[in-house]
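Enquirer: Pulled these from Swiss-Prot:
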type	residues	note
TOPO_DOM	1-25	topological domain 'Extracellular'
CARBOHYD	ASN5	N-linked glycosylation site
TRANSMEM	26-49	transmembrane segment
TOPO_DOM	50-57	topological domain 'Cytoplasmic'
TRANSMEM	58-79	transmembrane segment
TOPO_DOM	80-100	topological domain 'Extracellular'
DISULFID	CYS97-CYS189	disulfide bond
TRANSMEM	101-120	transmembrane segment
TOPO_DOM	121-139	topological domain 'Cytoplasmic'
TRANSMEM	140-158	transmembrane segment
TOPO_DOM	159-195	topological domain 'Extracellular'
TRANSMEM	196-218	transmembrane segment
TOPO_DOM	219-235	topological domain 'Cytoplasmic'
TRANSMEM	236-258	transmembrane segment
TOPO_DOM	259-271	topological domain 'Extracellular'
TRANSMEM	272-291	transmembrane segment
TOPO_DOM	292-323	topological domain 'Cytoplasmic'
Amino acid sequence: MWQKNQTSLADFILEGLFDDSLTHLFLFSLTMVVFLIAVSGNTLTILLICIDPQLHTPMYFLLSQLSLMDLMHVSTIILKMATNYLSGKKSISFVGCATQHFLYLCLGGAECFLLAVMSYDRYVAICHPLRYAVLMNKKVGLMMAVMSWLGASVNSLIHMAILMHFPFCGPRKVYHFYCEFPAVVKLVCGDITVYETTVYISSILLLLPIFLISTSYVFILQSVIQMRSSGSKRNAFATCGSHLTVVSLWFGACIFSYMRPRSQCTLLQNKVGSVFYSIITPTLNSLIYTLRNKDVAKALRRVLRRDVITQCIQRLQLWLPRV
């Protein structure tokens, strides 16, 4: 029994995304540049929303949560991949694999729920503008964000506990650059019916955000069609444009990665899909909201025109208890 437990806690081997050739050295450098852009963009978005009082609204609070999720998502995957590449090692501990598995599932699920909440925010803003302060105030926004985090955490904790409880056999080589569940589950020795059932249930639950987003935009489209002013229509499309773009990128990448027939899946396609939604999408999200959103762009210009350090100190003093 002791030997079995020791074996189950042995390290996993990650195949990685790169090898030691010059071409892959260039690709690694490119990936790190994209990673730095993602970290910088999402961090900037979070700081702007915290610093600028005009962005202290439920809509931008939810946007800050999206940026935080993207920042954590890309860091969870890329930092370990970069460490292994630079050190020449390919191993990841059992606890490290379980942690990475939990975090990427949690952050992915939370982002799905949060995008649905953000679509509801757009629906209230366009279809019920006079009741927006009641239906979508700061307390409601905070509660929805907490529920997104909590629901995704419980779901991913169940997944992680079930998957990592199984015995693993063979060389324990994960044919991926991080501990994604389709790659890890292939190493399991034994019946995985319980885990497959859990995956099916979670998939059905994660279809709920898609339904809520679609329903919200059906009502939004109806309201926009009934608008007589072309200016109002442009404002409505501007309000929804960034969110729709992010939704399309995120769910499109997820569908490509997880909802294709197994007969059509290859290791290369799986890696490409994972790179897109775990690296490219978090990078594009911050750029989309920064470049397309006029309020965020104006906040950036305001911050650049004043002493940022002074503003940060003033904000910090407001939070610190008075002595």
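For all residues, glycine too, the Cβ spot is worked out from N, Cα and C.
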Enquirer: State the count of C-beta atoms found within 10 angstroms of the C-beta of CYS189 (disulfide bond), not counting that atom itself.
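Expert: Taking all protein chains shown, CYS189 (disulfide bond) has 10 Cβ neighbours within 10 Å.
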Enquirer: Six or more residues beyond either end and a Cβ under 8 Å away: which residues meet both conditions relative to the transmembrane segment (196-218)?
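Expert: Those are 109, 112-113, 115-116, 119-120, 122-123, 155, 158-159, 162, 181, 240, 244, 247, 251, 258, in sequence order.
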Enquirer: So what's near the transmembrane segment (140-158) in sequence-distant terms, Cβ-Cβ under 8 Å and 6+ beyond its ends?
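Expert: Same-chain contacts beyond the ends: 58-59, 61-62, 65, 101-103, 105-110, 112-114, 117, 120-121, 198, 202, 205.
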Enquirer: Secondary structure at CYS97 (disulfide bond) (DSSP, helix/strand/coil)?
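Expert: The residue in question, CYS97 (disulfide bond), is helix (DSSP, three-state).
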Enquirer: Report the DSSP secondary-structure composition of the topological domain 'Cytoplasmic' (219-235) as helix, strand and coil residue counts.
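Expert: Secondary-structure composition of the topological domain 'Cytoplasmic' (219-235): 14 helix, 0 strand, 3 coil.
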Enquirer: In the same chain, who gets a Cβ under 8 Å from the transmembrane segment (101-120) while lying at least 6 residues past its ends?
Expert: 59, 62-63, 65-66, 69-70, 72-73, 76-77, 136, 144-145, 147-149, 151-153, 155-157, 159-160, 163-164, 178-181, 184, 202, 206, 208-210, 212-213, 216-217, 243, 246-247, 250-251, 254, 277-278
Enquirer: Can you tell me the mean pLDDT for the topological domain 'Cytoplasmic' (219-235)?
Expert: 82
Enquirer: Based on DSSP, tally up the residues of the topological domain 'Extracellular' (159-195) by helix, strand and coil.
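Expert: The counts are 15 helix, 4 strand, 18 coil.
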Enquirer: What does the DSSP secondary structure composition of the topological domain 'Cytoplasmic' (121-139) look like, as residue counts for helix, strand and coil?
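Expert: Per DSSP, the residues of the topological domain 'Cytoplasmic' (121-139) fall into 16 helix, 0 strand, 3 coil.
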Enquirer: Report, as numbers and ranges, which residues of the same chain sit near the topological domain 'Extracellular' (80-100): CB under 8 Å and 6 or more residues beyond its ends.
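Expert: Same-chain contacts beyond the ends: 8-18, 28, 32, 35, 160, 164, 174, 177-179, 184.
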Enquirer: Taking the Cβ of CYS97 (disulfide bond) as the centre, count every other Cβ atom within 10 Å, in any protein chain shown.
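Expert: I count 24 other Cβ atoms within 10 Å of it.
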